[in-house]
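To keep things clear, I will list the structure first and then write my remarks on it.
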Amino acid sequence: MNPQAKLIFIISLFLGTTITISSNHWVMAWTGLEINTLAIFPLISKSHHPRAVEAATKYFLVQATASTLVLFSSMTNAWYTGQWDITQLTHSTSSLILTAAISMKLGLAPFHFWFPEVLQGSPLTTGLLLSTVMKFPPITLLFMTSQSLNPSLLTILAILSVAMGGWMGLNQTQTRKIMAFSSIAHLGWMTIILIYYPKLTLLNFYLYALMTAAVFLTLNSMKVLKLSTLMTAWAKAPSLSTILLLTLLSLAGLPPLTGFLPKWLIIQELTKQDMAPAAMIISLLSLLGFFFYLRLAYCATITLPPHTTNHMKQWHTNKPINPSIAILTTLSIMPLPISPMLATLV
């Protein structure tokens, strides 16, 4: 792709995100979402491979449907209340339609069907954008309308998302699909706490974005698209494989790494809100996701391919690690372990 065209698309992507997260009017928020969709569309289909074109088509159809529902929801609310302000979503039917629309945009179960297929058809760098930047505007809209949404519906969607993300990720051999189901499961954790503690949803999203960015950039640096390639990566780039191991364990929520922090806080808050059964269910379901993170970590660092003499040798490379990977990995694994030390210093 032409570098100038790519720059325009990326600038448009961040412009659309900025418009949505900074707007108070529904039409402006909708405009930002549309700019986002149109900007990411060429980045998905830039390889012109049939799978990439298919992924871009699926993405466009789902996002267009979701955007239509967002506009319909806001118009219905304005019809009944006379308010176009995002925070004034008081009509019950409008809030239900909006919940369905944002769930479709994010890829929450049961509207998750498109996300793994789109991520599988996209390059790793575009997959990173789809998993992080593209989810920020819809999360912001949920944050702004959190007081008007139905708690029971969000809890059901959240538990369903964690269950589907864990179960469907178990038998995957493609790293992009595994990351897609990981994203669906994490969105479930963000959704379940949205009504009770919206700021915790944003904290969870920020930490998820950091860890996912570290994983995607590491996979991109090692050129790993499937588990069979990952099994031979240790001989080629042991330092990157070690980084991947730590980041995956943090993404799984294993203490004392930083990924444990949002899960810990969410379980604590749910217990305070007399939702101990929901906290127990979502914690047990997250063990499914923990299994496939461990599987990825095992493939990255412990497994060697069988009959190595019959394979082309993967030579060790002395190429320096990308500084952004090092910074993101440090932010993904260190803040929680060193927080007691920081507290004593303060």
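Using the three backbone atoms N, Cα and C, a Cβ is placed for every residue, glycine included.
Lifted from TrEMBL, the feature list:
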type: DOMAIN; residues: 23-288; note: domain 'NADH:quinone oxidoreductase/Mrp antiporter transmembrane'
type: DOMAIN; residues: 291-342; note: domain 'NADH dehydrogenase subunit 2 C-terminal'
type: TRANSMEM; residues: 5-21; note: transmembrane segment
type: TRANSMEM; residues: 56-75; note: transmembrane segment
type: TRANSMEM; residues: 95-115; note: transmembrane segment
type: TRANSMEM; residues: 152-171; note: transmembrane segment
type: TRANSMEM; residues: 178-197; note: transmembrane segment
type: TRANSMEM; residues: 203-222; note: transmembrane segment
type: TRANSMEM; residues: 243-266; note: transmembrane segment
type: TRANSMEM; residues: 278-304; note: transmembrane segment
type: TRANSMEM; residues: 325-343; note: transmembrane segment
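Below 8 A, the CB atoms of the transmembrane segment (95-115) and the transmembrane segment (243-266) form no more than two pairs separated by six or more positions in the chain, fewer than 3 in all. Among the stretches 5-21, 56-75, 278-304, the one making the largest number of Cβ pairs under 8 Å with the transmembrane segment (178-197) is 278-304. Annotation: stretch 278-304 has the most Cβ pairs under 8 Å to the transmembrane segment (152-171), among 5-21, 56-75, 278-304.
Counting residues 6+ beyond its ends, the transmembrane segment (5-21) has Cβ neighbours under 8 Å at 28-29, 31-40, 42-43, 129, 133-134, 136-137, 140-141 in the same chain.
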